[in-house]
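*Asks:* Before we start, here is the structure in question, set down as C-alpha cells.
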Amino acid sequence: MKPVLLTLVVVTIVCLDLGYTRICLKQEPFQPETTTTCPEGEDACYNLFWSDHSEIKIEMGCGCPKTEPYTNLYCCKIDSCNK
C-alpha cells in the first residue's frame, strides 16, 4: 500500500508542477530593473531594444511580444535569462 501511495504522490508532483512560474527581469524605459513572477501561462522572458533617434531604449518582462520594425527582440525560457 505504501509504494502505491508514494507513486501517486510522485505522479501528482510531476503532473501538477506544483505552481511553478517563470521569474523574469522587468524594466520599463527609464525605470530601475526589478524581478517579476510571470502570470500563469507565460513561460518566456523577453528583452526588447529600440532607438528613438536620440537614445537606445530597453524593455524587459514576461512573455514574447510581437515587435514593430526596427526593434530587436530576444526571448528565452529560463528564469532571469533576459539580462
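Glycine too: its Cβ is placed from the backbone N, Cα and C atoms.
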*Asks:* Cys64 forms a disulfide with which residue in Swiss-Prot, given the options Cys62, Cys75?
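*Replies:* Among Cys62, Cys75, the cysteine that Swiss-Prot links to Cys64 by a disulfide bond is Cys75.
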*Asks:* According to Swiss-Prot, which residue among Cys15, Cys45, Cys62 is joined to Cys38 by a disulfide bond?
*Replies:* Cys62
*Asks:* Name the cysteine that pairs with Cys76 in a disulphide bond per Swiss-Prot, restricting the answer to Cys24, Cys81.
*Replies:* Cys81
*Asks:* By a simple count, how many Cβ atoms lie within 10 Å of the Cβ of Cys75 (disulfide bond), its own Cβ left out?
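*Replies:* A count of 14.
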*Asks:* For Cys81 (disulfide bond) and Cys45 (disulfide bond), what Cα-Cα distance in Å is obtained after rounding to a whole number?
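*Replies:* Each residue's Cα considered, Cys81 (disulfide bond) and Cys45 (disulfide bond) end up 7 Å apart.
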